[in-house]
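Structure first, commentary second.
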């Protein structure tokens with residue numbers, strides 16, 4: 001399972017009780033933070049999520065409402081006894097911005113690795129693959145798709161057929177790729193069943209609905225997408241400011257054959273996004289509004 005917390009769902013400027021864009025993703029005891037707008041630290045504390053085990057921060061673009069929270073967050077992570085390296089992934093130009101913001105953090109007690117991406121894949125760990133896609137905004141911007149692998153089941157019959165000693169079963173199932181034992185080599189493939197479908201989470205914000213998005217988000221268990229404007233009549237504003245309407249977000253979800261759509265990143269001029277959710281549901285029924293502090297779990301399909 002993958003656990004999410006919508007730390008902030010607002011774009012541009014913060015409002016009382018509504019923070020700027022940020023999403024926490026937790027999987028197997030580790031965390032990924034997507035964007036870090038103003039108020040992210042407060043939202044993390046409100047959610048009781050902790051700072052120490054944030055291993056990776058994915059930034060969509062370097063507009064202030066997505067990065068202003070970084071210096072304080074990185075400092076707090078150090079004060080929370082973080083010592084392992086932290087990866088910060090984002091579009092071309094990110095390193096310059098991170099270096100500038102971090103002038104007030106000259107002595108972080110851990111290493112920062114800034115990775116600038118366009119459209120590519122990054123293997124974050126044995127269990128997590130991150131894909132990025134260049135988007136269409138007023139500055140360099142990328143969307144993300146996360147694939148969380150699912151562990152294969154132990155196949156007792158297969159292990160016995162391959163004459164794998166029982167003393168090695170647990171090690172091969174959980175950790176070791178191969179083990180030499182009493183003159184023979186035993187591998188994970190000798191004890192594990194077939195590959196099982198994992199979980200796909202896609203996150204797209206601050207962009208027009210470019211033609212590459214549906215394939216990029218294809219078959220996502222959850223598609224989180226911006227909906228800066230709820231009213232169809234605001235399409236001209238969306239075109240001018242390179243954002244999307246609810247209906248456009250829902251169209252992407254439908255074309256991408258996603259399981260579910262969560263709309264986020266609302267304009268401050270949209271005090272009640274729920275009033276316009278019908279515009280999304282007319283296109284893609286399984287659409288809903290994301291709320292600050294909302295918790296969500298994505299479960300395996302089978």
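Yeah, the Cβs are placed from backbone N, Cα and C, and that goes for glycine too.
With 61, 63, 206 listed by TrEMBL as binding Zn(2+) 1, the candidate from 19, 137 annotated for that site turns out to be 137. Among 194, 265, only 265 appears in TrEMBL as part of the Zn(2+) 2 site alongside 65, 66, 206.
Residue 63 (Zn(2+) 1 binding site) sits 13 Å from residue 265 (Zn(2+) 2 binding site), taking the Cα positions as reference. Distance between Cα atoms for residue 137 (Zn(2+) 1 binding site) and residue 65 (active site, proton acceptor): 14 Å, as a whole number. Neighbour counts of Cβ atoms within 10 Å were taken for the recorded positions 65, 206; the minimum is at 65.
Cβ atoms within 8 Å of the centroid of the Cβ atoms of 61, 63, 137, 206 (the Zn(2+) 1 site) belong to the same-chain residues 60, 62, 66, 135, 138, 139, 141, 205, 207, 242, site residues excluded. In this structure the C-alpha atoms belonging to residue 61 (Zn(2+) 1 binding site) and residue 265 (Zn(2+) 2 binding site) are separated by 13 Å.
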